[in-house]
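Here is the structure we will look at, set down as structure tokens.
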Amino acid sequence: MKTGQASIASAGDPVGRDYRLTGERAKQAVRLGLTDAEWYRPPIDPDRLRELMTRRNGPAIRDTALWLALLVASGVLAYLALGSWWAVPAFAVYGALYGGAADPRWHENGHGTAFKTRWPNDVVYALASFMLLREPTLWRWSHVRHHSDTIIVGRDPEISFPRPFRFRSVLPNYLNLISGPRMLLRIGQHALGRIDEDTREFVPEEELPRVVREARVFVVILGAVVVWCLATVSIVPLLFVGLPSFYGVWLVWFFAITQHAGLNEDVLDHRYSTRTVYMNPVFRFLYLNMNYHLEHHLFPSVPYHALPALHEEVKQHLPAPKTSMFDAYKEIVLALRMQRRNPDWEIPGREVPEDAGYRINGTRASSRSLATSMAVAAGLESRTDLGPADIVMPGQVTRIDIEDHTYALYRTRRNAYALTDGICTHGSADLSTGHLDDCIIECPKHNGRFNVLTGEPVRRPAKIPLATYPVEVVDGRLLVALRGSGPQPAAAGS
Ligand code: FES
């Protein structure tokens, strides 16, 4: 068995696997340590990774503006063509841009990595969430879980191709006739304040009122469109708002099937569960480079526009990508057919290079501990000498282990030093491998963010502040008061 390979997939479920978040397989996954576990990451030069994680507004402004322009243009054409057959292709394009191309925009902006500036990410995320009938807060937390427990049966709420796969569900799925009505029903229930068990499973209690408020906004907007239809005795308003979330969804499935379908479940190495596929530039625009899906799961802090470059950096550590959509579909259809007969069947010949990689999760102590080299500054017994001031460069973060405690030492672009606990308070990620933008550190695992000067969380899923320790530069050395730091608290979980 290779590192991270399946440990419960072979348990075999007679009828099909139990994908419920509250079912037996969910409990089994917890027992077997498959939740919020350590994941493989390929080795990469830290400076290069830092470069790749850099955020830019330019590409996202260009790609968002082009998407919206195409959406409006196809909508205008569809309106002008009403009453003729030309309306069919016009609505097909409009629907694909609305209910299909919104998906990668929802995804990238949900990670907060599309734009450098924060608010456009939130605006586009909210818009795309509505277009896809995805309640923003609920789906934000659902996606956090997807990244923590990728394709872990009973834990990942976003497994779209369960084993055994029912081929007769393809057409209804491509028209959103299975998930769509369920999502509408759930929105209606949430608007009434009734929260289902699955939602409670991964959305924190304190976020539930927000789920209710958002569901009510969705109901109001959709209700207004329905009233408009009734008032004008016409279905046209719904063809523009509401129904594209059904007839345009085929594009979501067309791309999304390539991400994980047919690959291993219950593994702790994304290289077994996630696929990269080469696509042409048009597809890559529509899909916002999510065809580099394996790279995205390995480094969720790298924005979509840098994924092709990231792929070049790490591809020798990854299985060979599929060379085209056709190549990917060939593998997927074979796997889904075989797994229909035998849910434990796995794709043969998927070569995954053997290497240790590096770990994203933090540890409490390390052989690299500075404890032995540390000196307590003369006359400053209560302070610890972390070393020379250039131990960390402007705009960078470094990890420091002292006895049983991991810290992250930051130096902002304006040369302010800060020291915080080094392990994210949401999960177990090592913050020193995250993206530092002035005084904001972004966790490498779920894109949660903290202000390093105050420790305050500034972006979900991070909610609990980081402990901070004042750093002083004395004679070119960094001195810090670590009193009371003690062992780090357990992670808060997702
Ligand atoms: S581990 Fe989830 S945001 Fe840090």
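The backbone N, Cα and C atoms fix where each Cβ goes, glycine too.
What you see is a predicted model, and the numbers here were worked out from it, not measured in a lab.
For reference, TrEMBL has these:
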DOMAIN    384-480  domain 'Rieske'
TRANSMEM  65-88  transmembrane segment
TRANSMEM  217-240  transmembrane segment
TRANSMEM  246-263  transmembrane segment
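Beyond the transmembrane segment (246-263), the same-chain residues lying 6 or more positions past its ends with a Cβ under 8 Å from any Cβ of the stretch are 91-92, 94-101, 103-104, 132, 150-151, 159-161, 165, 173-177, 180, 272-275, 277, 283, 286-287, 290-291, 293, 322, 325, 328-329, 331-332, 334-336, 339, 347, 350. Averaged over the domain 'Rieske' (384-480), the predicted model reaches a pLDDT of 94. Note on the transmembrane segment (217-240): residues 75, 78-79, 82, 91, 94, 130, 133, 135, 187-188, 191 of its chain, located 6 or more positions outside it, place their CB under 8 angstroms from a CB of the stretch.
Residues in the domain 'Rieske' (384-480) partition by DSSP class (helix H, G, I; strand E, B; coil) as 6 helix, 49 strand, 42 coil.
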